Amino acid sequence: MELLPLWLCLGFHFLTVGWRNRSGTATAASQGVCKLVGGAADCRGQSLASVPSSLPPHARMLTLDANPLKTLWNHSLQPYPLLESLSLHSCHLERISRGAFQEQGHLRSLVLGDNCLSENYEETAAALHALPGLRRLDLSGNALTEDMAALMLQNLSSLRSVSLAGNTIMRLDDSVFEGLERLRELDLQRNYIFEIEGGAFDGLAELRHLNLAFNNLPCIVDFGLTRLRVLNVSYNVLEWFLATGGEAAFELETLDLSHNQLLFFPLLPQYSKLRTLLLRDNNMGFYRDLYNTSSPREMVAQFLLVDGNVTNITTVSLWEEFSSSDLADLRFLDMSQNQFQYLPDGFLRKMPSLSHLNLHQNCLMTLHIREHEPPGALTELDLSHNQLSELHLAPGLASCLGSLRLFNLSSNQLLGVPPGLFANARNITTLDMSHNQISLCPLPAASDRVGPPSCVDFRNMASLRSLSLEGCGLGALPDCPFQGTSLTYLDLSSNWGVLNGSLAPLQDVAPMLQVLSLRNMGLHSSFMALDFSGFGNLRDLDLSGNCLTTFPRFGGSLALETLDLRRNSLTALPQKAVSEQLSRGLRTIYLSQNPYDCCGVDGWGALQHGQTVADWAMVTCNLSSKIIRVTELPGGVPRDCKWERLDLGLLYLVLILPSCLTLLVACTVIVLTFKKPLLQVIKSRCHWSSVY
């Protein structure tokens, strides 16, 4: 009897534990498809046909993306009245019942992208009207027209962000966004919009970001969204962009007009805060210097704007598009892939704050460097892929490129640069002059030479760390061509014979170089001075496309990480040299497109097992006049290689001895045939009687 209370307590404890375990197992079974973190439930991609009902009722974020729900019923979300964020992206939704959001008074973010809501858009619109506190709504990819979108957005005055991207909207008027006074972000990209009526966005007083990319807009005229900060109209068919005239102050900071068909530089607001202007891939050019126009009528264009019963005429100067634009705060200007043949006087002077200028792939022939042109704040200048044959530097101009850090002049027609141009560029770190037919100035360089520039001098550019001279047709390098620089990256590729069989011209920068490219330079193994032992910090070496027959020499403490030996004349690799580099940290080596002998690759096991050869599947070798992939070679030494590994002396003896014996027998027969007396003597002396 004394033990009865103890047994009762133990029994009650085990029953409680068992009940808890069973209930926990049931809960885990119902929640196993979802990940629960705090108040967030992630059920994406679980092939759910309905909203799970056993999740914690206090959940505030529910993600059901990529589940075949098809229909959101009135009761689907009732267990979760505290939801603040709901994502139903790619759920094949065709219908949302009218009362689906009736109990979701706390919902702030709703994602319905990539569904089929155009099927029952009226019922969906009625369901959305029950969300008075909704701030973010994503309706992208639902095949909605402008009328459907207008109905769904009706009475949702609390919205801050709306996405209608990827729908079938064609025209916009003031009825589509009526009542959205608090809207700040509007995404309309990837529609079919070809017309925007005047006043379509007038009711959006708080709008700050507008995305109209990937549509069919032919022009934007009388642009007057003064409070807009970011406008993206890229990938349309724009031929004109004209802002509203007058003295209205615009808050526009970023304007993207890239990938259009603009013919003229856009007419920007007279007062703005523009910081980023993207004009890439258009048909723009400046034309004043190309056409001798003396008549004022030939220098203007008039736009007739008809809005109902009101007709406005806008007169624009064709040749001075930028003169009235406010570019004082501009930081980033991308004018690449256009038709600019020159830059007008004073164009860059209007941008004193400009730090990045991209003029890649235009038709520039000359560039005049004057005071404040380019501006002193410029840090990156890209003039690559033009037709530049000469750079003009104003006399007596000092520190014109004092802030420049990156200067790209590749793929032009330059023969040299003005004396002193780089001497004033005290902060330049990256310089690309590849694919220009330049030559390097001898030592000492004439700093006071006159006439057109005929060479380039890189000496004493203390800040220079990266230099590319690929394909410049350079002759043999002069003495100390890079003296006084801090080069860590040097590309001399495709300059045949530039080293003249020696690495001595690189001795000034050899201890600092980390990346060296000597591709397609005609290097061959007979260069006795081709020794990289002095390049103590070298990590990446490209020797592809040369005529090397032996492995380069790497002495000292050189620890390469990447080595490229493709397209050479290597027949084998010395195992000692390769093993040394592997032990020092060689991570990647390229060996393909060399005439290797298959009988000399059996020692490459360390390379193969270490996965060091990046192009191992492409490495081939020669076996009995057949090209075979190394990966397809049989295990062990191939049969055709065994004869090659025999002692050559023994092989020659085996081949010569039968020939000698045959020759001796033939000589004996001939002598005995033509010497009959001798034969008789031999017979008489060797005769003996037969015994029967």
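Every residue gets a Cβ built from N, Cα and C, even glycine.
The signal peptide annotation in Swiss-Prot covers 1-18. Per Swiss-Prot, the feature topological domain 'Extracellular' maps to 19-650; the stated evidence is sequence analysis. The N-linked glycosylation site feature in Swiss-Prot is assigned to ASN21, ASN74, ASN155, ASN232, ASN292, ASN309, ASN312, ASN408, ASN427, ASN500, ASN622. The annotation domain 'LRRNT' is assigned in Swiss-Prot to 29-56 on the grounds of sequence analysis. Marked as repeat 'LRR 1' by Swiss-Prot: 58-79. Feature annotation from Swiss-Prot assigns repeat 'LRR 2' to 82-103. Taken from Swiss-Prot, the feature repeat 'LRR 3' covers 106-127, and the record attributes it to sequence analysis. Marked as repeat 'LRR 5' by Swiss-Prot: 158-179. The repeat 'LRR 10' feature in Swiss-Prot is assigned to 273-294; the stated evidence is sequence analysis. The repeat 'LRR 11' annotation in Swiss-Prot covers 329-350 and is backed by sequence analysis. Here Swiss-Prot flags 353-374 as repeat 'LRR 12', drawing on sequence analysis. Taken from Swiss-Prot, the feature repeat 'LRR 14' covers 403-424. Feature annotation from Swiss-Prot assigns repeat 'LRR 15' to 427-447; the stated evidence is sequence analysis. What Swiss-Prot records for 486-507 is repeat 'LRR 17'. Among the features that Swiss-Prot reports, repeat 'LRR 18' is placed at 512-534. Look at Swiss-Prot and you will find 537-558 tagged as repeat 'LRR 19', backed by sequence analysis. Residues annotated as domain 'LRRCT' in Swiss-Prot: 595-643. Annotation source Swiss-Prot lists transmembrane segment at 651-671. Per Swiss-Prot, the feature topological domain 'Cytoplasmic' maps to 672-692.
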- Looking only at C-alpha atoms, tell me how far ASN622 (N-linked glycosylation site) is from ASN74 (N-linked glycosylation site), rounded to the nearest Å. 74
- Task: For ASN232 (N-linked glycosylation site), identify the closest of the glycosylation sites ASN74, ASN408, ASN427, ASN500, judging by Cα separation.
- Result: ASN408
- Going by Cα-Cα distance, pick out whichever of the glycosylation sites ASN74, ASN408, ASN427, ASN500 is nearest to ASN155 (N-linked glycosylation site). ASN74
- Note on the structure: Candidates ASN74, ASN408, ASN427 (glycosylation sites); nearest Cα to ASN500 (N-linked glycosylation site) turns out to be ASN408
- Between the C-alpha atoms of ASN74 (N-linked glycosylation site) and ASN408 (N-linked glycosylation site), the distance in angstrom, to the nearest integer, is 62
- Query: What same-chain residues lie close to the repeat 'LRR 18' (512-534): Cβ under 8 Å, and 6 or more beyond its ends?
  - Reply: 470, 486-499, 501-504, 506, 540-550, 552-556, 558, 564, 569
- Between the glycosylation sites ASN74, ASN155, ASN232, ASN622, whose Cβ has more other Cβ atoms within 10 Å than any of the rest? ASN232
- Under 8 Å Cβ-Cβ from ASN427 (N-linked glycosylation site), six or more apart in the same chain: what's there? GLY402, SER403, LEU404, ARG405, SER463
- Taking the Cβ of ASN408 (N-linked glycosylation site) as centre, how many other Cβ atoms lie within 10 Å? 21
- Message: Mean pLDDT for the repeat 'LRR 5' (158-179), rounded to an integer?
- Response: 96
- Can you count helix, strand and coil residues in the repeat 'LRR 12' (353-374) using DSSP? 0 helix, 9 strand, 13 coil
- If one takes Cβ-Cβ under 8 Å and requires six or more residues beyond its ends, the residues near the repeat 'LRR 2' (82-103) are 44, 57-74, 76, 109-117, 119-120, 123-124, 126-128, 130-131, 138
- Message: Using DSSP and collapsing to three states, where does ASN408 (N-linked glycosylation site) fall: helix, strand or coil?
- Response: strand
- Note on the structure: Same-chain residues at least 6 beyond the ends of the repeat 'LRR 14' (403-424) with CB under 8 Å of its CB atoms are 355, 360, 369, 374, 376-393, 397, 430-439, 446-449, 452-458, 460-461, 468
- Note down the number of other Cβ atoms within 10 Å of the Cβ of ASN500 (N-linked glycosylation site), including every protein chain shown. 12
